[in-house]
Amino acid sequence: MSLNSPAGIDQSALTCLLDDACFTKKHRKIWFLSSMGILLDGFDLFVLSVALPLIIHYFGASALEAGLIGAAATLGAIAGSIIGGRLTDKYGRKKIFLLDLGLFVIAAICCGMAWSVESLILFRFILGLGVGADYPICASYVSEFMPKNIRGRMLIGAFSFQAVGIFLAAAIGLLILVLYPNELAWRFMLLVGAIPATIILVARRDIPESARWHMKRGETTDAIRIICKTLHDLPGAMKDCISQFRISHSSINEKPDVKSQPYSVLFSKEMRKRTILVTVPWFLMDVVFYGIGIFTPLLLAAMAFEGSGTNFIADDILATEGTAFLDIFLIIGFILNIILIERLGRMKLQIIGFTGMAVGLGILIIGSLYNSTMIGLLFVGFAIYNLLMNMGPNATTFVLPAELYPTEMRATAHGFAAGIAKLGAALGIILVPILKEGWGIPVTLGVMLGLVLLALIITFLCRIETTGRSLEDITE
C-alpha cells in the first residue's frame, strides 16, 4: 500500500485504529509467536521439576545445591526481565524478541551438556536471562497490537501457554523417563526445549515492530506502514478509515528520539500505587507459585508416593504422573480466565483467585498431616490451588503492568515488575526445600498460605481496574 497524502497525522487517531480494529491474520501471527515464547518459558523452567530428582541423584547434590539449581534460571530471569524491559523500550520490541530467544537456544543446549553442579547452575542462570526478557517483551508487544475489546483475553491467552508448557514439561519428562528409565534422562529433558525454540526464532524474524513504539519515538511514517500491513485485509469501512492516512515519507516531520524514562518514575506520586499493585502481589504469588510448582513432584513423592515405587526413578515416575494430572487444572484455570476477564475484570479475578489459592493450600495442610492415607484430599487441594491461581493472579499479574503504564516505559515497568516477581520465585525455590527439610511440609505450606493472604489484602487496598479502556486512557 503506497503512502501518499497530506501530513498532519493525529497519533490518537492511529491508536484508535489499533484499538478498534477487527482481529486479522497478522494479529494472530503476532499473538501466536509471542505465545510460543511463553510456552517455552513454562517448559524450560518446570521441566526441571521432573529432572531435579535425577540431577540430585546423579551429582549427589545437597539440599542447598538442589535449591540453587532450581533457582538459577529464576535468578537469571530477574536480571533478564529488568535489563530486557529497559532494552525493549530503547531499541524496540522486535530486536530484543529475537535476541532473547537466541540466548535461550544456546543456554538450553549447554544445560543438557552440563558436567557439574556449578556448570549447570551457570547455564540455567543464562537460560533464565532469555526467559526473563521474554516476559516484558511479550506483554508490551501483544498489548500494543491487540484491539482493546479483546486485549485482556489475548494477553491471558498468550500467557496461558505457560500452563501448556508446564503440562508438556511433565508429559515429555514422563515420556523420556518411561522410554529411558536412567538417571541420565535429565540431559534429554533439558536439551529438548532447544528444538522448538530454534523454529520459533526463525519464524519471529518476519514479525513487525510495534507501531505504538514507533509513534512514541516520533516515527509516524514507520508506524503507519506497520498499521497498514497489519490491518490490510480488513473489509469496508475500516479500509476507508486507513486510506485517509496514506502519506509520503517526506511529508512527515519526524520527532527526535524519546529518552527512556528513569526507574524513579515508577515510584513517583502518580505511579506509586500502580507500582505497588503490579509488584508486591506478583512477588508474593511467585514465591508460592514457583516454590510449590518446581517441587510438586518432590512434595507429592513425600506426601503420597514415597516408597510406592521400586526405586527412586519409579517414585519420580509416579510423582510426575500425578504432577501431569494436576497441571491440567492450570490449563483449565487459564481457559476460565480468558472467558471471564472482560466480564468480571482484572481486580475481581485476582481477588477471587487469591482466595481460592488460600482454600487450596488450607486443604493441602490438612491432607499433609495424614500423608498417604489421604491422597484424594491432597489432589483436591492441589487441583483447587492450581485452578484458582491461573484463573486469577497468575494471569492478572502478567496483564496489569502491560496496561497501567505509558508506551515509553511499558516494557521497562513490566520488566521491573517481572524482575521483582522472579526475585520472589527464586526465594520460593530456595526456601521450600529448606523449610521442608527443617520444619516439615505442613509448616512449609502454612508459610505459603500466609503469603497468599497478604497478597490478597494488598490487591484489595491498591486495586485499579483497566477492563474495557484504551491504553492511552488508562495511562492519562
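Even glycines carry a Cβ here, placed using N, Cα and C.
Taken from TrEMBL, the feature domain 'Major facilitator superfamily (MFS) profile' covers 30-467. Restricting the average to the domain 'Major facilitator superfamily (MFS) profile' (30-467) gives a pLDDT of 81.
According to TrEMBL, the feature transmembrane segment maps to 38-60 (among others).
For 66-84 (among others), the entry in TrEMBL reads transmembrane segment.
Marked as transmembrane segment by TrEMBL: 96-115 (among others). With a cut-off of 8 Å between Cβ atoms, the residues of this chain six or more beyond the transmembrane segment (96-115) that come close are 37, 40, 44, 80, 84, 87-88, 123-124, 126-127, 129-131, 133-134, 137, 141, 187-191, 193-194, 197-198, 200-201, 204-205, 207.
The transmembrane segment annotation in TrEMBL covers 121-142 (among others).
Taken from TrEMBL, the feature transmembrane segment covers 154-178 (among others). Counting same-chain residues at least six beyond the ends of the transmembrane segment (154-178), those with a Cβ under 8 angstroms from any Cβ of the stretch are 31, 34-36, 38-44, 46-47, 49-51, 138-139, 142-143, 146, 185, 188-189, 192, 293, 313, 316-317, 320-321, 323-324, 327-328, 330-331, 333-335, 337-338, 341, 390, 394-395, 398-399, 402.
The annotation transmembrane segment is assigned in TrEMBL to 184-203 (among others).
The transmembrane segment annotation in TrEMBL covers 276-305 (among others).
As annotated by TrEMBL, transmembrane segment applies to 317-339 (among others).
If you look up TrEMBL, you'll see 351-370 (among others) marked as transmembrane segment.
Taking Cβ pairs closer than 8 Å, the transmembrane segment (376-400) reaches residues 135, 139, 143, 152, 155-156, 159-160, 162-163, 277-278, 281-282, 285, 289, 292, 296, 300, 303-304, 322, 325-327, 329-334, 336-337, 340-341, 346-347, 349-357, 359-364, 366-368, 370, 417, 421, 455, 459, 464, 466 in its own chain, all 6 or more past its ends. What TrEMBL lists as transmembrane segment is 376-400 (among others).
Here the transmembrane segment (412-435) has long-range neighbours at 63-64, 66-68, 70-71, 74-75, 77-86, 88-89, 128, 132-133, 135-136, 139-140, 260-261, 263, 266, 275, 278-279, 282-292, 294-295, 298, 397, 401-402, 404-405, 443-444, 447, meaning same-chain residues at least 6 beyond its ends whose C-beta is under 8 angstroms from one of its own. Under the heading transmembrane segment, TrEMBL lists 412-435 (among others).
Residues of the same chain lying 6 or more positions beyond the ends of the transmembrane segment (441-462) and with a Cβ under 8 Å from any Cβ of it are 273, 276-277, 280-281, 284-285, 287-288, 291-292, 299, 302-303, 347, 350-351, 354-355, 357-358, 361-362, 364-365, 368-369, 393, 431-432, 435. The annotation transmembrane segment is assigned in TrEMBL to 441-462 (among others).
Sequence-distant contacts of the transmembrane segment (184-203), counting only residues of its own chain at least 6 positions beyond either end whose CB sits under 8 Å from a CB of the stretch, comprise 33, 36-37, 40, 43-44, 47-48, 50-52, 54-55, 58, 98, 101-102, 104-105, 108-109, 111-114, 172-173, 176-177.
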